[in-house]
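**Student:** Pasting the feature list from TrEMBL:
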type: TRANSMEM; residues: B:6-25; note: transmembrane segment
type: TRANSMEM; residues: B:77-95; note: transmembrane segment
type: TRANSMEM; residues: B:116-133; note: transmembrane segment
type: TRANSMEM; residues: B:153-170; note: transmembrane segment
type: TRANSMEM; residues: B:182-200; note: transmembrane segment
type: TRANSMEM; residues: B:247-269; note: transmembrane segment
type: TRANSMEM; residues: B:281-302; note: transmembrane segment
type: TRANSMEM; residues: B:394-422; note: transmembrane segment
type: TRANSMEM; residues: B:442-460; note: transmembrane segment
type: TRANSMEM; residues: B:466-490; note: transmembrane segment
type: TRANSMEM; residues: B:497-523; note: transmembrane segment
type: TRANSMEM; residues: B:543-561; note: transmembrane segment
Amino acid sequence: MSDDKSAAAYWTANIRIIKICLAIWALVSFGFAILLRPLLQMLPITIGGTDLGFWFAQQGSILTFIALIFYYTWYMNRVDREFGVDEQ
Amino acid sequence: MSQFTLNLLVVGASFALYIGIAIWARAGTTSDFYAASRGVNPIVNGAATAADWMSAASFISMAGLIAFVGYGNSTFLMGWTGGYVLLALLLAPYLRKFGRFTVPEFIGDRFYSQSARVVAVVCLLVCSITYVIGQMTGAGVAFSRFLEVQNETGLFIAAAVVFIYAVLGGMKGITYTQLAQYCVLITAYTIPAVFISLQLTNNPIPGLGLFSTHAESGMPLLTKLNEVLIELGFQDYTGHHGSTVNMVLFTLSLMIGTAGLPHVIIRFFTVPKVADARKSAGWALVFIALLYLTAPAVGAMARLNIITTIFPDGTSAEPIRYDERPDWMESWEQTGLLAFEDKNDDGRIQYYNDNSEEFASVAAERGWEGNEMVTFNRDILVLANPEIAQLPPWVLALIAAGGLAAALSTAAGLLLAISSAISHDMLKSVLTPNITDKQELLAARVSMAFAIALATYLGLNPPGFAAQVVALAFGLAAATLFPALMMGIFSKKMNTYGAVAGMLAGLIATLLYIFTYLGWFFIPETNMLANTPDNWLLGISPLSFGAIGAMINFLVAYLVMKVTAEPPEHIQELVESIRVPRGAGAAVDH
């Protein structure tokens with residue numbers, strides 16, 4: 001039974017980090033780059049003569065995606081070891 | 001040495017390299033042929049995935065695609081990269097743990113059903129075959145432009161090269177040639193971009209140059225670009241002009257479609273461990289980003305460059321005389337990709353937006369009688385870059401080799417997805433389960449040869465809808481394969497009825513919606529409604545429908561699952577086991 005419990009806990013931990021990562025994934029692309037762009041335009045921040053939303057649409061979201069995947073990889077490798085399900 | 005000889009030498013050397021790799025990486029078993037024996041280093045796999053993913057369209061057309069629209073086409077940048085986050089978090093590690101060879105194999109085994117397997121094979125074939133047509137025609141065009149051969153001859157040469165390394169080496173050969181092809185294509189793309197960025201902004205990194213100061217005017221580059229575009233009646237570059245709903249849905253469709261494309265997914269079957277599959281997706285995106293962060297810079301800079309070339313003294317002064325135009329314009333006019341027409345007989349080139357009503361009075365005042373740069377193919381932005389930046393001829397030769405590398409690497413990945421679906425999923429799993437490994441390897445090679453012949457035939461006789469098919473491939477991958485794969489992993493209770501009903505609902509809804517506006521099977525004049533925003537359901541473009549198709553798939557699958565029997569115990573245990581990484585090594589030989 002303890003095996004089942006730890007399998008369930010492992011999966012819950014995985015789902016939790018996936019949700020967090022996907023929330024950021026959606027925030028930078030659909031949010032900052034498109035839907036929230038008018039809000040970002042009201043900030044007094046400009047980058048290369050244009051607004052932050054344009055930067056997120058052309059570069060910021062891609063850089064965030066890379067960071068997200070490596071963060072998830074690092075985090076899950078740790079979780080794998082914690083729950084003893086990593087590959088030997 | 002003439003440009004032609006130089007092109008021939010550089011392209012010939014790159015081909016010799018690919019064939020050499022193929023001979024070194026021959027496949028001896030089906031595990032070699034389908035999954036390179038799962039021995040590929042995750043970083044190498046990342047580079048191979050990047051080449052697999054970035055097609056002739058990414059290499060040649062992407063910069064132009066963004067340059068002529070500006071902000072609105074950022075959808076391609078975000079959509080084609082954001083899919084890797086979905087792959088890394090939702091699919092790749094689990095499918096690697098499952099430890100089989102093909103995408104339909106997972107769907108067939110997980111949903112314990114031959115019909116699920118066959119539906120998945122059909123979806124895979126439709127996606128991959130439509131996609132491969134574009135690659136073959138792209139390779140043919142690249143050959144004919146740089147090596148002065150007929151389009152058809154170019155296509156045959158491309159097919160022959162792919163034949164050698166794909167049939168001989170399978171996934172193993174393809175992986176290491178894709179690694180070489182990535183190196184060729186990224187070098188070819190970066191060198192001219194660096195020089196253009198240096199000339200315009202004094203910044204050697206194009207991605208940074210895009211957001212820095214335009215050296216000549218002292219203004220930020222994008223401000224300068226917006227200014228000259230508005231002065232010529234065009235929309236500003238950084239503004240939001242299209243429909244917001246479509247921008248979101250189109251980006252989402254590209255993301256989900258990217259994650260569901262079989263030729264990309266199978267690349268993650270080649271790494272040794274589950275942790276490697278996660279890491280490899282990250283590296284793939286790093287290698288892709290090297291090009292995708294450069295492309296929008298190339299686009300914006302080339303567009304500004306062309307306008308300042310035509311209006312050397314500013315947009316309010318007279319444009320250049322036609323007979324004083326730079327040499328590169330002259331040479332690209334011969335290809336038909338660039339054409340001028342002196343509409344007001346003043347011997348000068350007026351380039352402006354003659355569709356803008358507001359600008360018409362300004363144009364009339366200045367004695368302009370229409371835009372005189374009548375043809376301006378967007379591919380020129382990349383292809384003519386070395387000449388615009390006045391780089392030595394070997395850079396142009398490198399661009400030729402890079403364009404071919406992009407087309408060939410994607411074609412090979414697609415052909416492997418197609419042939420393994422036939423030899424492994426149809427023959428080994430459904431029709432003739434008793435064949436030995438050796439016989440299956442032979443069948444895989446024959447299927448590969450057959451797939452290359454089919455792709456060559458379709459490349460020679462493209463069904464006349466080449467532009468639409470890529471949208472179809474993404475739409476279908478998003479609406480059929482991605483939801484089935486995701487539910488197979490994340491829902492233990494998802495059963496065969498739900499999965500099959502969901503895939504069929506997604507497939508049919510997406511096809512119907514696309515055919516309604518683009519014609520039945522893309523035959524012109526058979527569309528039931530004109531393809532205009534007024535006719536679209538809730539204003540959703542057919543190109544953006546993949547995301548809706550995916551939602552329909554999820555919904556139908558869930559409803560059907562609720563009213564049908566649970567999957568058997570051993571399937572639920574299978575799902576448990578693919579959720580944990582431990583034991584992936586043991587799943588290698590099954």
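One-based numbering along the chain as shown.
Using the three backbone atoms N, Cα and C, a Cβ is placed for every residue, glycine included.
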**Student:** For the transmembrane segment (B:442-460), I need the partner stretch with the highest count of C-beta pairs below 8 angstroms, choosing only from B:116-133, B:497-523, B:543-561.
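**Tutor:** Most contacts with the transmembrane segment (B:442-460): B:116-133.
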**Student:** Relative to the transmembrane segment (B:116-133), which of B:77-95, B:182-200, B:281-302, B:497-523, B:543-561 accounts for the most Cβ pairs at distances under 8 Å?
**Tutor:** B:497-523
**Student:** Residues sitting near the transmembrane segment (B:281-302): Cβ under 8 Å, six or more positions beyond its termini, same chain?
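**Tutor:** Contacts of the transmembrane segment (B:281-302) (Cβ under 8 Å, skipping residues fewer than 6 from its ends): 42-43, 45-47, 49-50, 53-54, 58-59, 62-68, 70, 74, 77, 80-81, 84-85, 87-88, 92, 182, 185-186, 189-190, 192-193, 196-197, 200-201, 206-207, 209-210, 221-222, 225, 237, 267-268, 381-382, 385, 388.
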**Student:** So which residues does the transmembrane segment (B:247-269) touch in its own chain, when a touch means Cβ under 8 Å and the partner is 6 or more beyond its ends?
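**Tutor:** Same-chain residues near the transmembrane segment (B:247-269) but 6 or more away: 34-35, 38, 45, 48-49, 52-53, 72, 75-76, 78-80, 82-87, 90-92, 95-96, 99-103, 124, 127-128, 131, 171, 175, 277, 280-281, 284, 410, 413-414, 416-417, 420-421, 473-478, 480-482, 485, 540-541, 543-548, 550.
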**Student:** Hey, which of B:6-25, B:77-95, B:182-200, B:466-490, B:543-561 has the most Cβ-Cβ pairs under 8 Å against the transmembrane segment (B:153-170)?
**Tutor:** B:6-25
**Student:** List, by number or range, the same-chain residues at least 6 past the transmembrane segment (B:466-490) whose CB is under 8 A from its CB atoms?
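**Tutor:** Cβ under 8 Å, 6 or more out: 57, 86, 90-91, 94-95, 103, 106-107, 110-111, 116, 119-120, 123-124, 126-128, 130-131, 133-134, 137, 253-254, 256-262, 265, 498-499, 502-503, 506-507, 509-511, 514, 518, 522, 542-543, 545-550, 552-554, 557, 575, 578-579.
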**Student:** Counting only pairs 6 or more apart in sequence, are there at least 3 Cβ pairs under 8 Å between the transmembrane segment (B:394-422) and the transmembrane segment (B:77-95)?
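**Tutor:** Not in contact, no.
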